[in-house]
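Enquirer: Let me begin by handing over the structure; questions about it come next.
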Amino acid sequence: MDWTDDGNIKVRSLVGYTEDESVMHPLLNDVPTRTSRSVRGEQDASYWTNSGQEELWRHATQQPILGRAKNVILFLGDGMSIPTLAATRAYLGQRSGQTGEEVSLSFEQFPYTGLSKTYCVDRQVADSACSSTAYFCGVKNNYGTLGVSATVTRRDCQAMRNSSNHVDSILVWAQDAGKSTGLVTTTRITHASPAGGYSHTADRNWESDADVASNNADPHQCADIAKQLVRNSPGKNVKGSVWGTQVVLGGGRRAFRPNTVKDEEEQRGVRIDGADLVDEWKRNKLRRGASNSYVWDRDGLLGVNTDTTEYLLGLFDHNHMQYHLDADPTTEPTLPEMTATAIKMLQKDKAGYFLFVEGGRIDHAHHGTSAKKALDETVQFHEAVRVAAELTEEKDTLIVVTSDHAHVMSYSGYPTRGNDILGVAGNSIVDRLPYSTISYGNGPGYRPPQYDGRRYDISRDNTRDKNYMFPALLPLNSETHGGDDVGVFARGPWAHLFTGVYEQHVIPHMMAFASCIGRGLTACWAR
């Protein structure tokens, strides 16, 4: 490190400086702290100058962590587009009386960010299956398929059965390294996003054997996703680690129960083979002498002894878990609660762990053009990331936050600062009718013109209703995904790798590199 004659650091480089050293530089000792911003507010130029200098200093002094990532947590906000993030900031801030635009989500404060390109091998715009294969397995494949290469086209059962077409996920790489693994989602656990971690299938919709049969395929030949989770690797694995643990939390009991049996909430399963996969899961763990727990409601989850339980299966709904705005908080756990339990379960493994956490219903709300629910689900996702950051150490845990694809929600117009994000942005100078800040390029929120041919007047609507379908340009039964790049946010060991613009399938390769797992280049090999 170079010093001037009067004892100050030379200006030419900031690399390697500590915060204590920085105050010795005459050009840097006036850099404000987070508590020293001008109280005169945003109207004063010094507010922006000071905040700009503070942010500059944070970036200039940020040092990458180069140690091995003992633990890796991948957070996936399904359908969490860049406009969704921006609108959620306003929604979150306005709930607490702020204007909202200035708020940051928990993961937006992570030091490194990038953009991921999400297309499939055969589609410009991704679905949650091909994207899941990309960020779990490090391989791009075809629309609607999971855990198989692009050699397998959709519903091609024979190609799916060929193991040479299978691609392994980072869950397998982690288990092979003796680490514990976990999957957490607010969707059915057999839904496309989590299923990319453990299944190999030619159709994402083959969640149960009844689903396979309904597509005129043979469920004895084409194993359904639920069956693969319980009977195949990596879902059934006992790992070599002494404290090996596995956590599976989400919805979707119906794919695990036979259609002749009612579940804990008096709803029949959909399986036609008579198998009760929940009971089979429990018997399998007992045969192996592994302590296990199956839970189906919030009390059960919060009552789990995370110190002694090795295997945890939680199926909290017959179908997807309820939207946060609809759920009974006394019976259904939240995404932050599931995240906390999963981390407490997994962190006792001295070899470390890989955990996947999905806020899956952001996507479903967007498909219905239900923007309020989409933003509220994103707030829950933000809280789950915050919980994970608090429960882990940045020095040994890599946390990556991203999305699988975008949506066609737009955040637009010229509303005044602090305007209700769910409200009206202004009136059109063409037809004099109001338009909303949030709208969609297509979807069920389309309204046909009025009897006189004029555009639908949204002033008659309660846009703050949780079920309100925001206006859409093109009428579709379900709003579509968007082809936009999606954000990637990272903190922890080797998080600086996640900067720039890259293909989505690179993400698991970088996570594996940081944690020294898998068959590719790793940080341990490189050093």
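Even glycines carry a Cβ here, placed using N, Cα and C.
Since this is a predicted model, take the numbers as computed values, not measurements.
Taken from TrEMBL, the feature active site, phosphoserine intermediate applies to Ser128. According to TrEMBL, the Mg(2+) binding site annotation covers Asp78, His191, Ser193, Glu358. The annotation Zn(2+) binding site is assigned in TrEMBL to Asp78, Asp363, His367, Asp404, His405, His481.
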Enquirer: Between the Cα atoms of Glu358 (Mg(2+) binding site) and Asp404 (Zn(2+) binding site), what distance do you get, rounded to the nearest Å?
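Expert: That comes out at 10 Å between the alpha carbons.
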Enquirer: Cα within 10 Å of Ser193 (Mg(2+) binding site): which of the binding-site residues Asp363, His367, Asp404, His405 qualify?
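Expert: Checking each Cα against Ser193 (Mg(2+) binding site), the hits are Asp404.
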Enquirer: Taking the Cβ of Glu358 (Mg(2+) binding site) as the centre, count every other Cβ atom within 10 Å, in any protein chain shown.
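Expert: The Cβ of Glu358 (Mg(2+) binding site) has 28 Cβ neighbours within 10 Å.
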Enquirer: Whole-number answer please: how many Å between the C-alpha atoms of His191 (Mg(2+) binding site) and Ser128 (active site, phosphoserine intermediate)?
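Expert: Checking the Cα atoms of His191 (Mg(2+) binding site) and Ser128 (active site, phosphoserine intermediate) gives a distance of 9 Å.
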Enquirer: To the nearest Å, how far is the Cα of the residue listed as 'active site, phosphoserine intermediate' from the Cα of Asp404 (Zn(2+) binding site)?
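Expert: So the Cα of Asp404 (Zn(2+) binding site) lies 6 Å away from that of the residue listed as 'active site, phosphoserine intermediate'.
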Enquirer: CA-CA, which of the binding-site residues His367, His405, His481 lies nearest Asp78 (Mg(2+) binding site)?
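Expert: Of all the candidates listed, His405 is nearest in space.
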Enquirer: Specify the count of other C-beta atoms within 10 Å of the C-beta of Asp404 (Zn(2+) binding site).
Expert: 29
Enquirer: For a quick check of packing: other C-beta atoms within 10 Å of the C-beta of His481 (Zn(2+) binding site), how many?
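Expert: Around His481 (Zn(2+) binding site), other Cβ atoms within 10 Å: 22.
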Enquirer: Sequence gap of 6 or more, C-beta under 8 Å: which same-chain residues meet both conditions with respect to His405 (Zn(2+) binding site)?
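Expert: Correct list: Gly79, Ser81, Thr118, Val125, Ala126, Asp127, Ser128, Ser131, His481, Gly482, Gly483, Val486.
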Enquirer: Relative to the Cβ position of the residue listed as 'active site, phosphoserine intermediate', how many further Cβ atoms are located within 10 Å?
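Expert: By my count, 26.
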Enquirer: Within 10 Å of the Cβ of Ser193 (Mg(2+) binding site), how many other Cβ atoms can be counted across all chains shown?
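Expert: Result for Ser193 (Mg(2+) binding site): 29 other Cβ atoms within 10 Å.
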